[in-house]
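Annotation comment: TrEMBL describes 89, 133, 134, 135, 136 as phosphate binding site. According to TrEMBL, the feature substrate binding site maps to 212, 214. What TrEMBL lists as domain 'Nucleoside phosphorylase' is 49-299.
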Ligand SMILES: O=P(O)(O)O[C@@H]1C[C@H](O)[C@@H](CO)O1
Ligand SMILES: O=c1cc[nH]c(=O)[nH]1
């Protein structure tokens, strides 16, 4: 039985479920190059309400610049500073109440970032934080460029669980995401008719090639027929896109009382092929689609009305 996660604390504070933290004089968030003694975390981050995470540092910088404009903040936002510049593992930017952070590729990378980010939000005494992963993915049976809002993150056997090995034992955690937030995002998508947005299951794998049933890796031990049979089974189980972080993201955020969503654009339809052939311009525009949807949600939550501009 997965440990159930969704019980956000009434205070709206971010929960850390680790008794050892209270005994530590100082907490060094090594991969973020931040710490409780070296930085005044409540002053730096206490007013953060939205955290957006995504694989690439450039995407997350562009998102912070875009949000700067969308929120009507002073200046053009072009010179946003990397708060984690002292570490070359992750990049972090802020635009008003929005924090934008890169997490690299795959579960181990996002997991390290999330442990430190969640402790950061806890030390900073942030309240009522919404966290959203804005990513890219491979679609299943849907048009390239579609945006999928995840209702359930599932593993490569289509189960809603995240397995973490702890002291040699497998601990199974729930991958529930916030249903109201997913519906709110879907409602916001109706303001942006330029691309299809849908709700579906997202399959999270440990690998981009064999792990996602690709025939074009350096290793491949299965036939084209077996690949398609697997992907069709995934489709029949409700999976509409495939990426590499959603189960760990849902499990960690859920256990720590964060309202979380996963919004990924699809770069191709995996029932039609494996290689990503779209041009850089097309891929850049695709990456902006989840950003535009999140901007619409943030503007609505802040009472700023519909989105102003397409991201550039
Ligand atoms: O957030 P991104 O777009 O990096 O997420 C997906 C999943 C993998 O990390 C990566 C593979 O190309 O893209
Ligand atoms: O096919 C894809 C595309 C992007 N990211 C993935 O994990 N898979």
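Every residue gets a Cβ built from N, Cα and C, even glycine.
TrEMBL annotations: computationally assigned, not manually curated.
What you see is a predicted model, and the numbers here were worked out from it, not measured in a lab.
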Which binding-site residues, if any, among 89, 134, 135, 136, 214 have a Cβ under 6 Å from ligand 2, given in order along the chain?
136
Max Cα-Cα distance in Å among 89, 133, 134, 135, 136, the residues listed as binding phosphate?
20
Please report the Cα separation of residue 136 (phosphate binding site) and residue 212 (substrate binding site) in Å, rounded to an integer.
14
Alpha-carbon spacing, residue 89 (phosphate binding site) to residue 212 (substrate binding site), which is rounded to whole Å:
25
Could you find out if DSSP has residue 89 (phosphate binding site) as helix, strand or coil?
coil
I'd like to know which of the binding-site residues listed (89, 134, 136, 212) lie near ligand 1, counting only a CB under 6 Å away.
136
According to DSSP, does residue 135 (phosphate binding site) sit in a helix, a strand, or coil?
strand
